[in-house]
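In what follows, a single structure is set out as structure tokens and then discussed.
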Amino acid sequence: MVYRGFGLEHISPPVNKPFAEMTPEEQGERGAQMMMEFMTSCPGKSAISGVTGFALGGVFGLFMASMAYDTPLHTPAPVGAGPGAGIPGAPTLQQMADLPLKQQIKIQFADMGRRAYSSAKNFGYIGMIYSGVECTIESLRAKNDLYNGVAAGCLTGGGLAYKSGPSAALIGCAGFAAFSTAIDLYMRSENGRPPKNDFDE
């Protein structure tokens, strides 16, 4: 008997069984595979970045609002200012001082919640757009290098600032591109050449 080798023609493709006919182990593997495929796709990356950015933005906004103890309620109207000064509907400094402590705490927490939600929306929106644009550029170029982040940062920054005029769009493009380049350089710095031996640091 002559040995004819082992090639791809001898391999039968896996049977694509319906999900209901799979064993529990096969269903778990299929579910994990579908989850990984979604997470590595452009819509999945955009969704994950948006949710992560929303959470981080909320924490950041809450922290910044809690540190603004010297200017409560952002920029409240000074004592004796007209009715149109400061935040509409916000009490003045004198009015805040005259309120009971419980009411002051309630107003401050409401303001912190508004600032945290606003920051969360901005961070989530930026993260979702940037991740989606970068994934699309990477898919079109079929390359994973530094230029994807630069182009995505420029398009994201310019797109978010285009309503303010060409100058603002150009500044936003340059700023986001520089920031994304710095982050990519830092993240890729660990992927340099390995040391010549185990003793090189």
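Placed from the backbone N, Cα and C atoms, the Cβ positions cover glycine too.
Straight from Swiss-Prot, the features:
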type	residues	note
DISULFID	CYS42-CYS135	disulfide bond
TRANSMEM	47-67	transmembrane segment
TRANSMEM	146-162	transmembrane segment
DISULFID	CYS154-CYS173	disulfide bond
TRANSMEM	167-187	transmembrane segment
* Mind giving me a neighbour count for CYS135 (disulfide bond)? Other Cβ atoms within 10 Å of its Cβ, every protein chain shown. => 20
* To do: Within 10 Å of the Cβ of CYS173 (disulfide bond), how many other Cβ atoms can you find? Include all protein chains, please.
  => 21
